[in-house]
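Participant: Quick one: the structure is below, questions incoming.
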Amino acid sequence: MDALVPLLVVVPFGAAFILVALANLPGLARRRAEGGESAGDLASAPGPRRHRVLSLLACAAVLANFIIALALLRADIGHIYVGGWGDEKSALGIELVCDGLAKLMVVIINMVALVSIIFSWSYMRRFTKVWLFEALFLLMTGAMNGVVLAGDLFNMYVFLEIAAISSYALVAFGCEAEELEAAFKYLILGTVGSAFILVGVTILYSLTGHLNMAKVHELLPAVGQTSPAVLLAAAALLGGLALKAAMVPFHAWLPDAHPSAPAPISAMLSGVLIKAAGIYALARIVFNVLGPTTEYAAILMALGVVSMVVGMFLALGQQDFKRLLAYSSISQAGYIVLAFGVAAHLLATGGDRNIAGLCIFGGLFHLFNHAAFKSLLFLSSGSIEQQTGTRMLKEMGGLTRRMPVTSFCCRIGALSIAGVPPLNGFFSKLIIIIGLALAGQLVLAAIAAGVAVGTLLMYVKVQRYALEGEPSGAAANAREAPAMMCVGLVLLAVVCVVAGLALLPLRDVVFGPAEDVLLGAAGKLTGGLTP
Amino acid sequence: MNELADQLAHPLLLPIVIAFVAGAAAYVLSRLWPMGCRLIALAASLLVLGSGICIFYRGDELVGWQGLTFGWHWMTLTPDISLTVNLATTMLGMVVVIGSAAFALLITIYSLRAMRGEYWEGKYYAYLIWALGGACIVGLAENLLVLLVGWEIVTLMLFLMISQGPRDAKAGGAKTYGILGFADACLLLAVALLATLEGGSANWSLSKVHDVGSLGSLGYVIYALILVAALAKAGAIPLHTWIPAIAKDAPTPVMAYLPAALDKLLGIYLLATLSLRMFVVDWPLRVVMMVIGAVTILAAVLMAMMQHNLKRLLSFHAVSQVGYMVLGIGTGTVIGIIGGLFHMINNAIYKSNLFLMSGAIRRATGTDEIENMGGLARLLPVTFVCGSISAVAISGMPPFNGFVSKWLVYQGTLQVRQTSPPLAAALVTVAVFGSALTLASFVKVMYSAFLSPAPKGAAYVTDRPKESVFMAVPMIILALACVILGLWPGLMIDNVLAPVVGAGADDVTTANLAVQTDGLGYWSATQTTGLILIGLLLGLIFVFLFTWKKRIRVVRPFLAGEVAGEADDRWRVPGTHFYETIGKLPIIGALLKHGEAGAMDPYHWSQRHGNTFVQLLRRLHTGLISLYVAWALGGLVIILIYLLLAART
């Protein structure tokens with residue numbers, strides 16, 4: 001089983017390079033060029049058949065990853081050193097840590113990636129150079145897997161950068177003015193965030209002489225948890241990762257970047273990238289590297305609450321479907337960070353570990369659910385945009401009658417995120433709110449409940465304008481989306497329906513190990529280092 | 001697996017499972033086979049009704065009221081908190097289940113005609129049955145969390161049903177979901193706060209009694225949160241505004257089913273459960289409830305009198321009547337509570353029937369505007385009779401059911417004089433006055449729609465529409481229910497409501513109740529009815545004697561020479577202007593005007609102020625990268641400063 005873990009990174013990276021190579025092989029390239037010339041504007045050039053082969057390859061790579069991720073879920077995995085040029089005592093070297101949290105994240109990432117790539121099978125047909133898209137997509141997926149598997153800070157940073165850079169390119173994939181502008185903003189702000197992270201990593205390295213997270217965690221007390229240098233590193237890491245997680249006030253890139261990308265990429269960005277690169281890394285650093293203190297907990301809680309509230313208000317004011325979804329991602333990510341913050345607070349103050357565990361469970365469950373329903377919503381917004389030609393809610397209407405499958409799935413997603421029982425969003429919000437209340441944070445619990453109402457309102461708006469009533473405006477002549485797009489939507493809708501009732505009882509199997517990692521109950525981050 | 005099968009075969013799950021499975025079947029078949037959906041809806045509501053009645057009787061005979069329970073431990077969250085599915089039968093809960101199923105059946109029959117051919121007919125039945133399933137969950141729940149699930153399902157179904165209406169309905173639907181979603185969130189927060197009390201999730205049990213006072217401020221907060229949820233669902237002021245907002249455009253059967261019947265049952269059920277079972281309520285809270293009740297009665301009925309749209313008018317009455325229920329339960333006296341609960345049942349019956357009447361009128365005339373109606377008594381005799389019975393019942397006239405329950409509420413309110421005489425006097429005055437205004441309002445409706453001359457040139461006068469059997473049957477049944485419960489209120493009070501109150505009211509035992517009901521609070525319906533009938537008969541004889549052999553001459557209005565044509569409709573008195581004066585009264589008129597504009601509507605306020613805040617936030621997002629980078633740097637600096645300061649102390 002251990003040998004499977006590196007494959008999560010190697011398979012997509014390898015597939016990405018093979019894709020680009022195949023697409024640019026002289027023979028193929030020539031034929032494609034001929035096809036392109038002869039067909040001109042026609043889409044049915046010989047090129048597309050080869051595209052299909054390449055797409056199939058990409059799908060196969062992601063599917064393989066998803067299967068590996070599922071297989072790993074119950075596996076007992078030790079420590080994996082890649083490359084052999086560093087041993088466990090060395091400060092350098094690549095260590096992959098496939099603990100409970102990483103396993104959970106890997107499943108989530110590859111689940112969304114699989115659905116997105118299935119969706120893009122039909123969706124991306126209107127773009128040229130689809131193989132480039134697929135290569136970037138695979139790079140991003142592999143890099144996200146790398147982020148959650150990385151056992152040391154520097155590799156985490158490297159994978160973060162790979163994921164970020166491929167996402168910059170993907171946001172700009174359409175090459176329209178709006179997309180380029182969004183990608184540029186995203187690039188600048190993302191780089192600022194990466195710089196923060198790099199500064200933090202560097203300082204920690206200089207203080208401890210190690211990059212390995214477990215080692216750093218072990219050595220930090222000797223340096224002094226409250227020495228200014230550590231605090232600077234902590235601030236830089238928290239700030240940088242909060243930027244990746246799009247917490248207010250670091251969020252400004254997201255509402256431009258997420259809507260501008262092609263729909264499957266929006267789904268990946270909102271569904272998993274901000275979680276893998278942002279929230280996951282934030283939790284990892286706070287819980288497993290710096291160690292939860294009341295100050296870090298306070299920062300997480302503040303970021304969470306402000307993001308929840310501000311994101312909600314901004315989303316409520318939106319008429320653009322995808323921007324609304326993007327703002328609501330900020331708001332929903334706030335829930336997760338808030339839950340983690342409260343858990344960190346409990347751990348730091350010696351509160352009830354069961355309640356801290358409940359908060360973390362709520363956060364992780366919401367993370368999973370949000371990945372499912374936000375991807376679903378972004379994908380359905382893509383379907384709707386493709387079929388109606390607009391993203392503005394007021395220009396649509398009555399889609400239930402024109403696009404029944406898409407509308408049904410969109411409604412499932414909207415109801416899930418709004419927290420309507422018995423869909424999954426209800427349970428994760430319920431658990432978070434109960435957790436907050438049990439932790440003694442009654443005001444935060446009330447705010448969380450209030451934001452749930454706001455979320456409900458914004459998705460009522462979506463349903464009201466886009467789905468209900470007589471088909472009108474741009475929706476009047478819309479037709480149902482192609483089959484592969486519907487397949488992707490239906491898969492995620494099934495996840496949303498099933499996850500609430502089926503996954504909750506599986507807490508011990510699926511979420512339990514991940515909780516233990518953050519609670520510190522699983523021993524050190526890397527047990528192998530301290531036998 | 002076997003265990004699961006055994007669990008699923010539990011009788012208490014039966015109505016819930018039937019409803020959800022049937023709803024799913026109807027949803028799947030909605031496009032393919034509308035006829036199938038109709039049959040499914042009929043069968044499902046019949047089966048749920050039947051299973052509800054079976055549970056009711058079996059529970060009574062074999063194991064007693066608290067005996068028939070279902071418990072399934074789902075999962076443990078922390079040692080204190082576990083999610084469990086607990087169901088149990090209570091008298092009032094069964095009223096909700098059986099009542100909801102009965103209404104679902106009647107509305108389904110009505111919809112066979114009213115909804116036929118609508119493009120979403122199949123889905124409509126699915127939503128209807130799912131809403132019934134949600135109501136069954138609420139009625140059978142023994143656990144606040146389970147109740148919450150059913151509660152939200154009903155809200156969702158209401159939203160889905162409203163939203164299918166024409167374009168304006170969607171705004172109302174959004175508003176409804178906004179307000180009810182807020183109520184649901186309050187309930188959710190209450191669930192979370194209850195879990196923090198000693199004992200954890202055991203506090204969710206509906207039969208666990210908490211003393212509001214001894215819990216301190218948290219107890220009041222929890223109580224208030226659940227109260228908000230109950231009042232919003234039932235539609236008491238100030239959370240009532242969703243009902244008038246949807247009245248005009250939502251399909252009539254939906255109005256008759258949910259806001260008129262089901263939501264009242266559920267809201268008042270929760271209010272009663274909250275105040276009688278879960279919490280020991282102290283005097284200040286009771287005063288709050290009574291005042292809310294009284295204000296609701298008066299303010300809504302005044303608004304109702306001003307309306308020109310029949311459905312909107314009815315919707316304000318739907319709000320106004322809630323006031324009696326809240327007032328009755330708020331009194332905390334046995335008679336008051338019985339009156340409030342009885343009024344819940346009665347109101348569901350006649351208000352649903354009035355909405356059905358408006359649907360029948362609309363089907364015949366194509367309009368909801370009262371001005372455009374008239375002369376329908378001859379065209380729609382069944383509707384006229386049934387509607388009149390309901391109108392008289394809602395106005396609190398003997399011998400119909402509305403009178404009995406209002407009478408009990410008055411009596412219950414009068415008992416409050418033992419604690420606070422001025423309050424009791426004020427409340428009774430308001431309640432009686434509100435009832436009189438209700439009558440006044442319905443005089444206008446019945447006159448304008450049925451008795452006044454038909455507007456000239458109205459299409460329906462020449463088309464001569466007929467009654468539909470499907471629509472008439474539910475109206476007749478509901479009108480009969482008004483009569484029966486009016487003549488023999490003991491059927492409901494002695495058998496159902498007295499045990500409810502005996503089990504949980506303040507400090508009054510059932511024995512005490514018997515004395516009071518026989519003495520002060522009760523009235524003899526049959527005797528009075530006899531006298532009323534004699535009075536009516538005498539009146540008729542007089543009328544007959546005076547008009548006998550007298551010829552009535554109809555002349556055209558004298559217009560000082562101008563010729564008023566046959567088709568000139570200017571001289572018709574439609575009756576909608578009966579109470580314009582109220583709108584011109586100095587203080588009340590201004591209040592009503594602002595009320596109509598949304599000044600008393602929390603949804604309206606929050607929309608306005610929320611929007612201001614949103615615009616402010618949007619102006620901050622200028623799109624300049626330098627600004628955004630500055631925010632990020634600022635955030636970093638704040639974090640750093642915070643960390644350094646915290647480290648120094």
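Cβ from N, Cα, C; glycine included.
Annotations in TrEMBL come from automatic prediction, not curation.
Since the structure is predicted, the reported quantities are computational estimates derived from the model, not experimental observations.
Take a look at what TrEMBL says about it:
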type	residues	note
DOMAIN	A:150-448	domain 'NADH:quinone oxidoreductase/Mrp antiporter transmembrane'
TRANSMEM	A:6-25	transmembrane segment
TRANSMEM	A:53-73	transmembrane segment
TRANSMEM	A:104-123	transmembrane segment
TRANSMEM	A:130-150	transmembrane segment
TRANSMEM	A:156-174	transmembrane segment
TRANSMEM	A:186-208	transmembrane segment
TRANSMEM	A:228-254	transmembrane segment
TRANSMEM	A:296-317	transmembrane segment
TRANSMEM	A:324-348	transmembrane segment
TRANSMEM	A:354-379	transmembrane segment
TRANSMEM	A:430-460	transmembrane segment
TRANSMEM	A:481-504	transmembrane segment
Participant: Below 8 Å between Cβ atoms, which of the listed ranges A:156-174, A:354-379, A:430-460, A:481-504 makes the most pairs with the transmembrane segment (A:296-317)?
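Facilitator: Comparing A:156-174, A:354-379, A:430-460, A:481-504: A:430-460 has the most Cβ pairs near the transmembrane segment (A:296-317).
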Participant: Between the transmembrane segment (A:430-460) and the transmembrane segment (A:324-348), are there three or more CB pairs that fall under 8 A, provided the residues in each pair are separated by 6 or more in sequence?
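Facilitator: Counting Cβ pairs under 8 Å (6 or more apart in sequence), the transmembrane segment (A:324-348) reaches the transmembrane segment (A:430-460), since there are 3 or more.
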Participant: Top stretch among A:104-123, A:130-150, A:156-174, A:354-379, A:481-504 for CB pairs under 8 A with the transmembrane segment (A:6-25)?
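Facilitator: Ranking A:104-123, A:130-150, A:156-174, A:354-379, A:481-504 by Cβ pairs under 8 Å to the transmembrane segment (A:6-25) puts A:130-150 first.
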Participant: Give residue numbers and ranges for long-range contacts of the transmembrane segment (A:53-73): same chain, 6 or more residues beyond its ends, CB-CB under 8 A.
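Facilitator: For the transmembrane segment (A:53-73), the sequence-distant neighbours (Cβ-Cβ under 8 Å, at least 6 residues beyond its ends) are 1, 4-5, 7-8, 11-12, 14-15, 18-19, 22-23, 98, 103-104, 106-107, 109-111, 113-114, 117-118, 121, 130-131, 134-135, 137-138, 141, 145, 510.
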Participant: The transmembrane segment (A:228-254): which same-chain residues, six or more beyond its ends, come within Cβ distance under 8 Å?
Facilitator: 160, 164, 185-186, 188-190, 192-201, 203-204, 206-207, 220, 274-275, 277-279, 281-282, 285-286, 290, 296, 299, 303-304, 306-307, 310-311, 326, 329-330, 333-334, 337
Participant: Please figure out which one of A:156-174, A:354-379, A:481-504 racks up the most CB pairs under 8 Å against the transmembrane segment (A:430-460).
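Facilitator: Stretch with the highest Cβ contact count: A:354-379.
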